[in-house]
Each structure stands twice: as C-alpha cells, then as structure tokens.
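**Q** I am attaching a structure below and will ask some questions about it afterwards.
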Amino acid sequence: MANLPKSSVNYPGTLTPLEPNRPSPQPDRTPVPHSPPVVASPIPPRFPQPSFRPDQMSSPSMKSPSLLSPANGIRTGSPIPRLSTPPGPPVFNTPVKPAAVPFRTSPATPQPMAYSSANSSLPVSTPSFYSNGSSVGSQRDLPDVVRMEEPIAADSPYVLFSANKVLKQKKLANVASLGFGAIVSAGREISPGPQIIQRDPHRCLNCGAYSNPYSSILIGSGQWQCVICENMNGSKGEYVASSKNELQNFPELSLPLVDYVQTGNKRPGFVPASDSRTSAPVVLVIDECLDEPHLQHLQSSLHAFVDSLPQTTRLGIILYGRTVSIYDFSEDSVASADVISGAKSPSAESMKALIYGTGVYLSPMHASLKVAHEIFSSLRPYTLNVPEASRDRCLGTAVEAALAIIQGPSAEMSRGVVRRAGGNSRIIVCAGGPITYGPGSVPHSMSHPNYPYMEKTAIKWMENLGREAHRHNTVVDILCAGTCPLRVPILQPLAKASGGVLVLHDDFGEAFGVDLQRAATRAAGSHGLLEVRCSDDILITQVIGPGEEAHSETHETFKSDAALSIQMLSVEETQSFSLSMENKRDIKSDHVFFQFAFHYSDVYQADVSRVITFKLPTVDSISAYLQSVEDEASAVLISKRTLLLAKNQKDAVDMRATVDERIKDIALKFGSQVPKSKLYSFPKELSSLPELLFHLRRGPLLGNIIGHEDERSVLRNLFLNASFDLSLRMVAPRCLMHQEGGTFEELPAYDLSMQSDKAVILDHGTDVFIWLGAELSADEVKSAAVLAACRTLAEELTEFRFPAPRILAFKEGSSQARYFVCRLIPAHKDPPYEQEARFPQIRTLTTEQRMKLKSSFIEFDEASFCEWMRSLKVVPPEPR
C-alpha cells in the first residue's frame with residue numbers, strides 16, 4: 001500500500017511454526033526510581049484518528065506489542081524507525097489472503113512476570129500511600145506500589161518485531177531504508193491454560209487499554225495505572241492485596257498474553273456450541289464448462305473432499321455454466337437439481353420460493369454423503385465446440401445463490417442487520433475459466449471496444465458481492481485450475497473482500513484436492529477487530545494485511561482512545577498484519593509499550609479478546625540497536641512494503657532498483673567507509689539481511705521467474721496477507737540436503753548444493769522442489785528410497801500450510817530442473833575462499849569433486865550475491 005494522507009488508512013491483502021530452539025533475548029534491566037505523585041486527570045487524545053482507503057491505510061500513532069517467538073527468534077526490544085515523510089496515519093492495503101503459515105505452530109506459553117516498584121505518577125487521591133512506597137498516615141505495613149521490575153521474554157507466535165530495542169533518536173530511528181515495525185497475527189485457537197480468563201477485563205477508562213503485567217498497582221486500594229496514557233483506574237476492589245504475590249494470581253498481571261473468553265450460544269440458526277465448528281455450512285460452486293481430462297481430475301478431488309469432511313458438516317453443491325444448478329439432497333441416490341437462469345441476479349421471490357419449498361440444499365454429511373458422490377459422478381464434460389475462454393460462465397449468479405441458501409429462511413429477518421452466525425460459512429469456487437456471463441462478467445474477447453469500462457464495472461460488482469458475503473459472515477475462496485486465462489483482476493476482489501483467498505493450480509489434481517480440504521477445514525474466527533495501542537512516542541505509518549478501517553460504531557470507544565482499529569476480514573493464523581512504525585519525537589523514557597487486542601468470535605461461538613502487551617527498551621547506541629535487529633522479520637517487513645508498490649511487471653522492475661538503493665542507504669547510514677576506498681561496509685550486525693533481499697529481487701515476487709501477470713498478481717496478494725513463516729519462505733527459499741543415514745542438512749540456497757550424488761529439497765513457500773543428482777539417479781533402488789524420504793519431509797514441512805504448495809520432483813538435467821536452478825544464488829562464480837565462507841559444506845568435497853561440480857554449471861550473466869553487493873559499492877558482510 002502506498003502511504004496515504006495523514007488521516008487515511010488502507011489495508012492490503014494474514015503463522016507457521018517458528019524455528020525451534022532459537023533464544024529470545026531479554027530486554028535490558030533498567031530500574032527506574034518512583035516519580036512524584038501526580039493528580040490523575042483526563043488525558044486528551046494524542047494521536048489523530050486513522051482513516052482508511054480501499055487500497056491503503058494510514059493510521060494514527062499506534063504501537064504494536066510484540067511477544068517473542070523462539071522459532072523465529074522474536075525479541076522483546078524493538079527500535080522504532082520513522083519514514084522520511086511527515087507522520088501520518090498508517091497505510092493499509094488488502095491483497096489476497098493466502099493461507100500461509102502461521103507465525104509459529106507451537107502454542108505460545110507466556111511466562112509469568114515478576115513485580116516491583118518502578119517509576120510512575122500516581123494520584124494523591126490515595127492518602128494512605130505515597131508513590132515512592134513510603135507509608136503515611138495510618139503507617140500500614142503494605143507496600144504502596146507494585147510494578148513490573150524485569151519483564152521476562154515470553155515466547156509468542158503472534159507478534160514479531162523487526163528489532164527488540166528502540167532507538168531514542170528520531171532521526172536515526174526513522175531511516176526509511178531499514179525501518180521498524182511488527183508482524184502481527186491473531187494466532188492459533190485458544191487452548192486450555194492459565195492465560196484464559198472468563199470474566200470482563202479491567203480497561204483504562206481514558207484510552208481503553210487493558211491492565212497488564214507492566215501496570216503499577218496501588219495494592220491498598222486496588223487502583224492500577226495505565227501504561228499507555230498513565231491514567232489511574234479502579235479495579236472494583238479486585239486488585240486489593242496484602243502482597244504482590246497475591247497479584248500474581250491474576251493472569252493479566254503475570255502473563256503478557258491472555259485470552260478473555262465469554263462463552264454462550266448467542267447465535268441463532270446453529271447447533272450447540274460444542275458442535276459449531278463442524279456445523280457451519282460449506283457450499284461448493286463448481287464450473288461445469290470443463291473438458292474431460294480436467295473433469296476427471298476434479299471428480300477425483302471432489303470425491304476425496306467429501307470423504308474427508310466431518311459428519312456434521314453441512315454441504316451444499318451448485319454448478320454453474322450458462323445456468324445455475326442448485327442440487328437437492330432430498331432425493332436419495334439420485335442427482336437432482338433446481339435450475340435458475342444465470343443471465344441476471346436471482347430475484348428475492350425466486351430464492352424465497354426455492355428455500356421455502358420441499359428441497360434440501362444444505363445437508364449434514366452423515367445424511368448426504370452417498371448423494372454427494374452420486375452428484376459428482378453424474379458430472380459430464382463440456383460438449384459444445386467453443387474455446388475454453390469463450391464458454392459462458394455465470395459465476396456471479398452462482399455465488400449469489402450460494403449466499404441465499406446459506407442464509408436460509410432467516411435472510412429476510414436479518415435484512416439491514418448483521419447476523420452473528422456460529423462460525424464462518426464457506427463458499428468454495430472451483431473455477432476453470434473466466435466469468436463471461438451474467439452479473440460481474442466481461443466479454444469473451446479483450447479486444448471488445450467497451451472492454452475497459454465493462455471490466456471496471458465487473459470489478460466493482462464483484463467487490464460488492466464479496467462485501468455482502470462478509471456482512472453475512474461467509475468467506476469465498478476461489479480455487480482455479482487449468483490453462484485457460486482467468487481474468488484474475490475480476491475474481492480477486494470477490495475473494496479479498498469476503499476474507500477468502502484466490503489460488504491458481506496447474507490442474508485439478510493432487511495439490512488442488514489438498515487445498516480443497518484445507519480451505520473447508522481451516523480454523524477461522526469471525527467478527528474480527530484488531531486494536532493497537534502504544535506509547536505516545538510511537539506512530540504507526542502503514543498497515544498491510546487482510547482488513548479495513550473499523551468504523552467507531554462497530555466497537556467500543558473511550559474518552560481519549562487513540563487506538564488504531566482494524567476490522568479483520570477473516571481471523572486465521574495463516575494470515576498476518578504488517579505494521580510500519582516511526583518515532584514521533586526523540587524518546588526520553590527508557591521503555592515504550594505496545595498492546596495488541598484481537599476481538600473475535602471463534603469457531604466454537606465463544607467471544608474472545610486476545611490481549612498481548614509488550615515493553616521494549618530504548619537505547620542511544622546504534623550498535624546496540626543493530627544487534628537487536630531481527631534480520632528475517634526486518635526482511636519480511638521490507639519485502640511487504642516493496643511488493644505493495646509492485647502492482648505489475650513494470651513496477652516490479654522499478655522495485656528491484658529500490659532494493660538496490662535500500663542496501664546502499666543502509667550501508668551509508670549504519671555502515672562504515674572502507675579506508676582509502678569509496679566502498680562502504682555493510683553493518684556486520686545485519687549480516688543476513690542483504691542476502692534475504694537478494695533472494696527477493698531475483699525470486700518469483702520481483703524477478704522474472706513467473707511469466708504470466710495473473711500468476712504474479714495472485715502470488716503478490718497471497719504474500720501481502722501471509723503469515724510470517726510463509727512470507728519468509730516466499731522471500732527466501734529453505735534448502736535441505738539429504739545425507740547418508742536419512743538425515744537432512746540445512747544449507748544456504750546456493751547452486752553449490754547441486755552435487756550429483758545428492759538429493760536436495762528447496763522449500764519456496766508456494767512451491768517445494770526435490771532435485772535428484774544424476775549420479776544418485778543412476779542407482780534406481782537408492783534414488784527411490786531417497787526420493788521417498790524427501791517427499792515425506794516435504795509433506796511434513798507443509799502439512800498445515802494453506803494454500804498447499806506444489807511438490808515437484810525431477811532429476812538433474814531435466815527440463816523441469818530449471819524451476820529449481822533459477823531460485824538458487826549462482827555462487828559457483830565466486831572465488832573458492834568466498835564459497836567456503838558462505839557455503840561451508842563445500843569444504844567436505846575432495847578436489848576432484850569440486851572440479852566436477854564446477855564443470856557441471858552452465859555459464860550465464862547473472863551476478864552472484866557477492867558480485868551484486870560489490871556492484872552497489874558495498875562490501876558484503878561476513879556470514880555469521
């Protein structure tokens with residue numbers, strides 16, 4: 001998203017397992033003396049209210065808390081850089097929501113925090129105590145104030161900061177080339193644990209922030225001080241205690257992450273809460289204009305799909321071509337359907353007659369499995385002699401019909417009202433070509449004289465349909481396959497506005513079938529709202545993710561609430577929001593605070609408020625700040641800001657140049673000049689960052705690997721909404737080499753891994769490649785065993801990833817091997833000492849093996865990583 005004017009905010013547009021065993025540093029301990037008492041008074045709002053636009057979102061000065069995640073090495077401190085432009089509201093954009101990998105698949109287990117007195121301004125309205133802890137008047141033995149003394153770094157898969165410390169100096173913190181921000185995900189479903197609280201939270205009456213482990217507590221009166229606005233608040237006596245140990249019994253005062261859960265079946269029209277996850281309906285909307293080869297694959301995928309559904313899942317089946325066929329499950333062992341015209345939107349009267357008739361259009365799987373198989377077996381290939389792209393497809397009318405049968409008889413009662421149904425309903429479209437008939441359609445030929453206007457009209461209509469689906473708590477996923485051009489710009493708004501995803505597949509085979517199953521069963525909350533609050537020194541300048549501006553009437557507001565509020569289109573751990581932040585001024589305090597609050601209804605119909613609070617230390621030292629930078633999180637944030645501007649191939653070429661300039665600027669601002677040279681050394685603390693960005697500029701997101709603009713558009717939208725783990729893999733592939741004994745060694749993604757006696761797995765997010773060397777392939781028995789081991793690992797690595805990646809296996813020298821080779825850094829051109837420094841495994845090769853490896857490469861003009869860095873007049877950093 002591009003930055004909007006100050007008060008505008010836009011969202012583009014969503015966490016996989018963290019890397020295990022990565023330590024999380026703790027912030028510096030800096031005990032602060034108590035500050036003198038201050039009379040509490042209302043604090044006026046300090047941040048402008050964010051405003052949103054369709055493709056971008058800027059927001060007020062908000063801060064985002066960050067919990068640590070071991071796998072991704074999240075840290076507790078984080079610098080706050082600012083863009084070079086004047087502060088403005090965050091920019092929000094909403095590209096397609098990919099079901100990427102969540103931040104971490106391991107559940108977060110926040111650790112309890114210790115308490116102690118610290119600096120705070122407290123009101124003199126509590127005569128029994130002074131803010132410095134000394135007793136007065138009655139001379140009670142109780143300490144006056146209890147406050148967090150040393151925050152313990154808690155592991156969290158939900159928030160990742162680009163650094164775990166914040167620079168105090170505004171000028172340095174806001175260097176745009178590096179930047180500061182956070183990647184935030186709603187995370188996994190709630191699980192039993194001490195973090196669950198089944199009562200109303202204590203919130204600041206002034207700004208709306210929640211009580212947390214960093215709040216100062218007057219244990220004599222139970223008052224607590226907000227860390228965001230410093231307002232004093234009552235606790236209705238709940239926080240009155242004789243010692244700080246008693247306060248540790250409150251999860252919100254001892255854990256940085258808590259889930260406030262309110263249960264109860266408040267939603268009409270669904271079964272009890274215990275069964276609600278599987279009761280939300282799934283409606284398949286299937287293209288009937290397929291040729292026989294595609295149809296056979298689709299039928300196999302559909303049969304497997306219904307067999308995988310839970311018995312209580314309610315299923316609907318709709319076919320579309322020139323007409324819309326809505327299948328009736330009331331006829332046992334027979335495929336029976338009611339047919340409506342696809343030329344225009346179905347009228348309310350016709351749908352009412354259908355729904356109130358004798359037909360059953362949504363039926364639980366335990367009662368309709370046999371009928372579903374009969375319906376799929378009855379499908380026939382397209383018989384007319386019409387090119388694929390010119391066949392009439394009324395997808396828009398079919399989705400409208402699907403929405404109508406999901407709403408059912410209660411639709412007219414809910415007119416103008418947002419009904420809260422139990423769990424997200426899903427419409428899954430199986431498409432093999434463009435929408436060319438009925439509402440939202442475009443002409444068969446792009447040379448039609450009125451095509452640009454008709455395309456614009458169709459895009460707007462599809463976006464409105466997506467918004468209507470979201471209003472009725474229904475997600476529309478569009479799974480496309482085949483070789484026919486799909487006119488992605490028209491289909492994309494429907495998926496995006498409803499909170500769904502659009503995915504392209506080569507065919508309707510295995511990968512399509514896996515995605516079909518994962519689309520229907522992935523956990524997703526509804527009615528999501530994200531609130532971000534932070535210290536007054538921090539400004540959120542841009543938001544990228546699957547959401548849009550939340551209007552004030554849709555959520556609770558407070559007197560001086562400066563929170564950035566985002567309406568989430570879907571609540572899934574496979575998606576995330578990327579927040580860019582700046583310093584509003586030089587920071588005087590030793591810490592800054594961030595608080596994220598996710599409000600949503602989960603799949604079990606419980607209302608959940610997930611609150612995450614974090615305290616990051618501030619530093620003057622540039623070196624200390626750079627050491628706290630998380631290269632991977634920083635690279636993902638930079639990549640998302642870059643991809644937001646790369647809307648087409650021409651933009652992508654321009655963005656490669658901006659990556660080059662970014663590297664040069666970081667070296668200039670934070671590096672050092674080489675003596676007696678015009679070269680600059682890249683900061684050694686950021687040793688991994690330039691290589692990650694090199695992968696970005698030459699990979700499928702910005703490079704020339706993907707040829708068709710539809711594929712590029714889908715990949716871009718998927719990336720902008722993806723969770724941290726999937727985003728990282730889409731930027732920089734992970735390379736694993738099979739070793740003797742069945743183990744795998746992780747190596748840099750360099751072409752030096754292409755050793756003829758080895759097998760290599762390359763995980764690039766949406767694609768996983770298995771490369772078998774020629775020497776290994778010659779031994780059929782051994783290569784079969786190695787291939788099986790590689791496939792098993794590839795499936796394990798991507799087990800919960802959505803969309804499911806393609807897994808392709810090929811031999812060295814085959815035509816498909818080019819997909820693998822083009823994603824590896826061409827390090828074979830570097831001198832031996834650089835190869836050994838950056839790819840240590842090569843030291844294990846004999847001289848003969850190294851010569852053989854070198855001779856296997858075909859020379860071409862593309863620069864290696866080291867050559868690229870030197871072309872920018874920058875000395876590459878030594879690898880860690």
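From the backbone N, Cα and C atoms, a Cβ is placed for every residue, glycine too.
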**Q** Which residue range, 152-177, 204-229, 594-619, 802-827, is the one Swiss-Prot calls region 'Zinc finger-like'?
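**A** Checked against Swiss-Prot: region 'Zinc finger-like' maps to 204-229.
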**Q** Could you please provide the mean pLDDT value for the region 'Zinc finger-like' (204-229)?
**A** 92
**Q** Looking only at Cys204, Cys207, Cys226, Cys229, the binding-site residues on record, which one has the least crowded Cβ, with the fewest other Cβ atoms within 10 Å?
**A** Cys207
**Q** List the helix, strand and coil residue totals of the region 'Zinc finger-like' (204-229) as derived from DSSP.
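**A** When I sort the residues of the region 'Zinc finger-like' (204-229) into the three classes, I find 0 helix, 7 strand, 19 coil.
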